[in-house]
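Novice: For reference, Swiss-Prot lists these features for the protein:
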type     : residues : note
DISULFID : 169-217  : disulfide bond
DISULFID : 262-310  : disulfide bond
DISULFID : 354-394  : disulfide bond
DOMAIN   : 147-234  : domain 'Ig-like C2-type 1'
DOMAIN   : 242-326  : domain 'Ig-like C2-type 2'
DOMAIN   : 335-410  : domain 'Ig-like C2-type 3'
SIGNAL   : 1-34     : signal peptide
């Protein structure tokens, strides 16, 4: 059935120009006549086409009827209405400019879009006596013909048994259900396959050859169904997880030679080294990729502790090892004494501190005029006298590196006048 002609000599006004009042609204219990029904013509409608919501068995002597988008009959969802007396058409806030209402209550929607799919409510008013109006609602769900779906993937080339893949059935379609097929059959029950709540997304965990596909998805609603083209995952060969072996995890700064080795060994892989997240250049002496498997550092400093990583690569990609951090042994550096230059008078307190850079932490000890005074970073002598004048030295020692170094200063304690302080280094 084609579109009906629009009613002649109709008045068209907006919903803002009409105020409807009713003293009493009761639901109408219709007599035992044929039930009002609504059908879509054509039953399958494609996007961009027209569809007529054709009303059957409409009661006679109706003063008017209203169409709403959705199941709620409020102002926000109000599309259009037809008032029989005066043949008045009223447009509501939900009117898009593509809807036409006819005198038999049928609704034509032109140039249908995806947003037009869903439930429509026909609200009819039946004349009662002078004190009441009888109202009834009829709902109808408009389904658009489902589009041909396609499968999008987060990764069409996963590593076998190592990587997860997300398959999505597109486009997202309202009022439709999603089905998935693998090898032409419904999905097998396995912990490696998991569907989202809407079934639109399929998650594959640790893809193996047994679940590589082909996969198809289907979009279905009550009037149509469409299935995608098949998609098969291209499994890449599994890469072993690399790891680093090293000849010395506790090298001495600027002394020990380090040799890092990336395992496992294979002629099929290229080896790349990383320091602090930056790739290290390949030595000019490396003639074959396999030779870059070993990284030689003639010496290492305290600023090169790492992390170090190695990566094995094939033509499809790579995989990095866990990081390795060195414990570089260094120091002690030349110590510093604070305060380094000061004057003392008899009766004052002498309070000196000694600092150095060292790994592991250095041992500290103090001497005065070559005689051992005490251990520790601080030296405190209360109420010094002239007898405390002399050569003060802080010595530091690192048992791991075997290195020892000292710093000395000469302190002169005077009476009423300031003493002289000079520094010397040994």
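Numbering starts at 1 and runs along the chain as displayed.
Quick reminder: no glycine exception, Cβ is built from N, Cα and C everywhere.
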Novice: Between the disulfide-bonded residues 262, 310, 354, 394, which lies closest to residue 169 (disulfide bond), Cα to Cα?
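Specialist: Minimum Cα distance from residue 169 (disulfide bond) across 262, 310, 354, 394 lands on 310.
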Novice: In whole Å, note down how far the CA of residue 394 (disulfide bond) lies from the CA of residue 217 (disulfide bond).
Specialist: 79
Novice: Given residue 310 (disulfide bond) and residue 394 (disulfide bond), what distance in Å do their CA atoms have, once rounded to a whole number?
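Specialist: Distance (Cα to Cα, whole Å): 44 Å.
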Novice: What is the interatomic distance between the Cα atoms of residue 262 (disulfide bond) and residue 354 (disulfide bond), given in whole Å?
Specialist: 43
Novice: Which residues, sitting 6 or more apart from residue 354 (disulfide bond) on the same chain, put a CB under 8 Å from its CB?
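Specialist: Once residues fewer than 6 apart are set aside, residue 354 (disulfide bond) is near 335, 336, 337, 338, 364, 366, 377, 378, 379, 394, 396, 407.
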Novice: List the helix, strand and coil residue totals of the domain 'Ig-like C2-type 1' (147-234) as derived from DSSP.
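Specialist: Reading the DSSP string over the domain 'Ig-like C2-type 1' (147-234) gives 3 helix, 38 strand, 47 coil.
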Novice: Over the span of the domain 'Ig-like C2-type 2' (242-326), count residues by DSSP class, listing helix, strand and coil in order.
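Specialist: Tallied per class, the domain 'Ig-like C2-type 2' (242-326) gives 5 helix, 35 strand, 45 coil.
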